[in-house]
Amino acid sequence: MENFELKRILLSAVIPLLLVLAIVIIFFLQQFQFIEGYRWGIYPRVESGLIGVLLAPLVHSDWSHLVSNIVTFFFLATAVFYFYRDLGLVVLLICWVSGGFLTWLFARESFHIGASGVVYGLASFLFFSGIVRQNIQLLAVSLIVVVQYGGLVWGILPTFKEFSFESHLFGGSVGFVLAIVLQNKGPQLPVNVWNRDYPEDDNSEFYEDESEISNDQVPESKD
């Protein structure tokens, strides 16, 4: 059983780890000026800025931006793949692309880079999905997300101009919508045995009322 769980965790971490490695490699290429990272960003409502819908999450401005995003992304993405299995890839891709496209449509005219929009999408999905599914295990994940990443909620407010609050807001919104739309797919609330419908059986040992009990089964009262 332990080997199975370990294998499941490792498999869940494969895609997130590959993406983290890609992000780190691209960051070093930026540092050595092999690429101009900002050109990979989302520039709203400009055709050339559409490339950022796919590439912007791979680009980061500095070390603190990089580390904070990849650590959080790796944990949340692995959790999505672990608990939602095949559905995990769908959630990741939709958060990645849809959040970026909404940023391109509605955000300020500036280059928007970084994986934080995807991070907000995954965190939002995990939190709201656990609630709408009413699954104890997934609710525990929701609680962990709140405890560890509750501060993310401030990132959707236009507090600091250097932060892309738009990508945070749209990423979180996409995660919420996915939690609602996909609530009937993936892990579900277990059905209690007393809520199940059992077929009637003529040989059943249970009786619907006392009238079905034969007289010889009713003990005589004694004076």
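Quick reminder: no glycine exception, Cβ is built from N, Cα and C everywhere.
What TrEMBL says about a protein is an automatic prediction, not a curated fact.
These figures come from a predicted structure and were not determined experimentally.
Pulled from TrEMBL, these are the features on record:
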TRANSMEM  6-30  transmembrane segment
DOMAIN    51-182  domain 'Peptidase S54 rhomboid'
TRANSMEM  66-84  transmembrane segment
TRANSMEM  89-107  transmembrane segment
TRANSMEM  113-131  transmembrane segment
TRANSMEM  138-157  transmembrane segment
COMPBIAS  200-213  compositional bias 'Acidic residues'
REGION    200-223  region 'Disordered'
Model confidence over the domain 'Peptidase S54 rhomboid' (51-182) (mean pLDDT, whole number): 94
Chain residues outside the transmembrane segment (6-30) and at least six past its termini with a C-beta under 8 angstroms from it: 36-37, 57-60, 66, 69-70, 73-74, 77-79, 81-82, 88-89, 92, 115
Secondary structure composition of the domain 'Peptidase S54 rhomboid' (51-182) [DSSP: H/G/I, E/B, coil]: 107 helix, 1 strand, 24 coil
